[in-house]
């Protein structure tokens, strides 16, 4: 069975048992009345069952309801069908004030019907020939308004300075100021020029997201013809069907696939209603993607540390034990489905490097947009500053130093021999994003 954990907030006067049963019925075989065609099938075989209810500590009138769905209710290899069944209709139920899908347990038999990420973590490292450290990226800013040539120039400067990747922002598709084909050509030129100068393999996340699946595939094919290593997709706005099709194409044609989670906070930010990002992350691993944005813990976007590390493990590891202290409701066995690299992006700069290296480890991408392009000396020095900071943190960690305790000292020591890093540290020494997280663990 597929197991689901729902956070249920019943209307006043509705007992939790009735609410849990209603969720199970509405998201499987139930309807609002008895129908004569019920007698033509075995409802006991196909109906969802609410098998456990527990109150949420500190939250009156909120309950975690566990529902089991028989596997025959779902089409093989279809995240679209899985979500249509489990969350398609039930969230508008009048008997509930609010409903949130907290976690899913995907059984091994169902996991094996998915291809998952096009390549996975180890294959990506082998393709890039980069080991033993996090990868570095940069989102090109301003996200909208640059011409294709100026955009490509910014990519080249960042890659030449020491970054591994540059990135299209999620809303860069094919607008009047920069059509997609022009952008692809200038970015490919930036990749090849910077590779020739640095001797390192470089990439730019070319956003193939489009208004139709046919147009999306046309852009992916053009990227492959240019010989670039990686493309990008906005998987929630583009849809799971489009994403799975693109992931299959990338696997067959040797392209890495970077996934942006644009629109996720509409779905996952409210604590009592919606779908938790750990579910969206599991769905992405099944649908297919080699990278996905996962929050930063320390930057400008929502992300509490234990919760973030919980779904980072769900993205990368092969077997994850149940651990309610990190928000993981079920043990998940991925049976060797390739892993996804988490991407930390949003309001981060060189002072965050020790914390990011310590939190995310080597199998991650650390992406500095404003933290590269905002350098007072220009884009290439901004990239140099980030690369120096990363190398200093990795070396210190490998020497046994504690990044959580000595992080600022390590960065200051590196500033003595890197004027680019010293200038970056001076610019961003006062910038902090200190707000309470909306989504927190139940105590």
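Each residue, glycine too, has its Cβ placed from N, Cα and C.
Annotated features in Swiss-Prot:
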type: ACT_SITE; residues: 141; note: active site, proton acceptor
type: ACT_SITE; residues: 260; note: active site, proton acceptor
type: BINDING; residues: 89, 139, 143, 261, 293, 345; note: substrate binding site
type: BINDING; residues: 167, 169, 170; note: Mg(2+) binding site
type: MOD_RES; residues: 167; note: N6-carboxylysine
type: SITE; residues: 300; note: site 'Transition state stabilizer'
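Feature map: Swiss-Prot annotations on the structure.
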residue	record	CB count, 10 Å
89	substrate binding site	11
139	substrate binding site	24
141	active site, proton acceptor	16
143	substrate binding site	14
167	Mg(2+) binding site	29
170	Mg(2+) binding site	20
260	active site, proton acceptor	28
261	substrate binding site	23
293	substrate binding site	21
345	substrate binding site	25
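Between the CA atoms of residue 345 (substrate binding site) and residue 260 (active site, proton acceptor) there is a gap of 10 Å, rounded to the nearest whole number. Excluding the listed site residues 167, 169, 170, the same chain places 139, 140, 143, 168, 171, 172, 205, 207, 232, 260 with Cβ atoms within 8 Å of the centre of the Mg(2+) site Cβ atoms. In this structure, the CA atom of residue 89 (substrate binding site) is 26 Å away from the CA atom of residue 260 (active site, proton acceptor). According to DSSP, residue 141 (active site, proton acceptor) is assigned to coil rather than to any helix or strand. The shortest Cα-Cα distance from residue 167 (Mg(2+) binding site) to any of the recorded positions (139, 143, 260, 261, 293) is found for 139. Under the three-state DSSP scheme, residue 89 (substrate binding site) falls in the coil class.
Residue 143 (substrate binding site) is 6 Å away from residue 169 (Mg(2+) binding site) when you measure Cα to Cα. In terms of Cα spacing, the binding-site residues 139, 170, 293 that come within 10 Å of residue 260 (active site, proton acceptor) are 170, 293.
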